[in-house]
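Participant: I have a structure I would like to understand better, so I am pasting it below and will then ask my questions one at a time.
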Ligand code: GDP
């Protein structure tokens with residue numbers, strides 16, 4: 001995970017600190033180091049505009065840098081680089097997910113969460129992971145498959161629910177997704193469940209239909225949270241997906257999947273920095289336990 005990005009950052013900080021050991025950096029040198037670094041970031045799959053933002057931020061800090069006596073130069077450069085990236089990663093910070101759930105539960109039960117996102121991003125797996133995490137925290141979830149067009153989605157969720165021993169509410173092929181979602185909420189309310197996790201369709205090629213379908217589900221269910229699931233490997237497309245689903249239903253936050261599969265590291269970083277939305281969790285594997293709270297420091301420690 002993040003190997004190429006890590007390499008780029010390490011060699012950048014090393015090169016600068018080598019020079020700084022002997023004298024201050026000239027502005028030409030700062031420019032040269034940062035331009036090389038920008039190219040390396042792009043090679044590690046960081047989107048160009050994001051790479052530019054990172055290097056501009058580091059550049060402005062480097063121009064004023066003075067290494068205090070007794071401090072290791074490389075550490076000082078590392079700090080500067082870390083600070084720049086951390087400031088940008090903080091854009092993805094959200095309120096703690098479990099706190100949101102618990103606060104909501106104190107005024108309204110069950111907590112209703114609608115998941116949106118394009119097919120294949122890992123939506124059904126993520127719903128199962130969230131259900132598992134909820135159970136680990138003594139909450140009782142129900143899983144609802146309100147994608148009635150894709151038989152595979154129903155089957156997958158049913159299987160996950162059976163594995164986790166969680167009630168599953170599905171619908172017949174072609175039935176009204178909003179009514180399936182509503183049935184799920186009623187079931188949870190009647191039986192004292194804490195959270196209803198509702199899957200929705202994610203076919204992008206019929207934009208208008210999908211938007212209307214999602215809007216109807218949201219109108220009928222009135223969810224507490226609308227979460228977009230995004231695949232870390234999709235690059236710029238992820239930004240378009242955020243726009244599409246935000247326009248359709250308005251999203252409260254994002255779960256970023258497959259961060260573990262981003263071998264170079266730049267793709268995930270670009271999305272985190274590019275979408276500028278709260279990120280509740282990141283997906284780091286295919287198992288139910290492979291879901292982590294989004295934490296800029298954990299991401300940073302993986303990179304640097
Ligand atoms: P959906 O079509 O959006 O519901 O996607 P699925 O949940 O079926 O996931 C598609 C594939 O991505 C499956 O093989 C999942 O196991 C895999 N997947 C989902 N999340 C992650 C993740 O965080 N890391 C990795 N490596 N694979 C994931």
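Using the three backbone atoms N, Cα and C, a Cβ is placed for every residue, glycine included.
What TrEMBL says about a protein is an automatic prediction, not a curated fact.
What TrEMBL lists as GTP binding site is 117-124, 199-203, 257-260. For 278-291, the entry in TrEMBL reads domain 'SRP54-type proteins GTP-binding'.
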Participant: Using a Cβ-Cβ cut-off of under 8 Å, list the residues of the same chain that are 6+ residues beyond the ends of the domain 'SRP54-type proteins GTP-binding' (278-291) and lie near it.
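Facilitator: Same-chain contacts beyond the flanks: 1, 92-95, 97, 122, 125-126, 128-130, 132-133, 163-164, 227, 232, 252-260, 268, 272, 299.
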Participant: For residue 123 (GTP binding site), which residues in the same chain are close in space, meaning a Cβ under 8 Å from its Cβ, but six or more apart along the sequence?
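Facilitator: When sequence neighbours closer than 6 are ignored, residue 123 (GTP binding site) has 115, 117, 199, 202, 229 within Cβ distance under 8 Å.
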Participant: In sequence order, which residues at least six apart in the same chain have a CB under 8 Å from the CB of residue 203 (GTP binding site)?
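Facilitator: Sequence-distant Cβ neighbours: 119, 149, 150, 210.
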Participant: Determine the most Cβ-crowded residue among the binding-site residues 117, 120, using a 10 Å radius around each Cβ and all protein chains in the structure.
Facilitator: 117
Participant: Across all the protein chains here, work out how many other Cβ atoms are within 10 Å of the Cβ of residue 259 (GTP binding site).
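Facilitator: Excluding its own Cβ, the number within 10 Å is 27.
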Participant: In three-state terms from DSSP, label residue 259 (GTP binding site) for me.
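Facilitator: In the DSSP reduction, residue 259 (GTP binding site) maps to helix.
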Participant: Near residue 200 (GTP binding site), how many other Cβ atoms are within 10 Å of its Cβ?
Facilitator: 28
Participant: Summarise the model's confidence over the domain 'SRP54-type proteins GTP-binding' (278-291) as a mean pLDDT value.
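Facilitator: Value for the domain 'SRP54-type proteins GTP-binding' (278-291), mean pLDDT as a whole number: 96.
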Participant: By the DSSP assignment reduced to helix, strand and coil, which category contains residue 120 (GTP binding site)?
Facilitator: coil
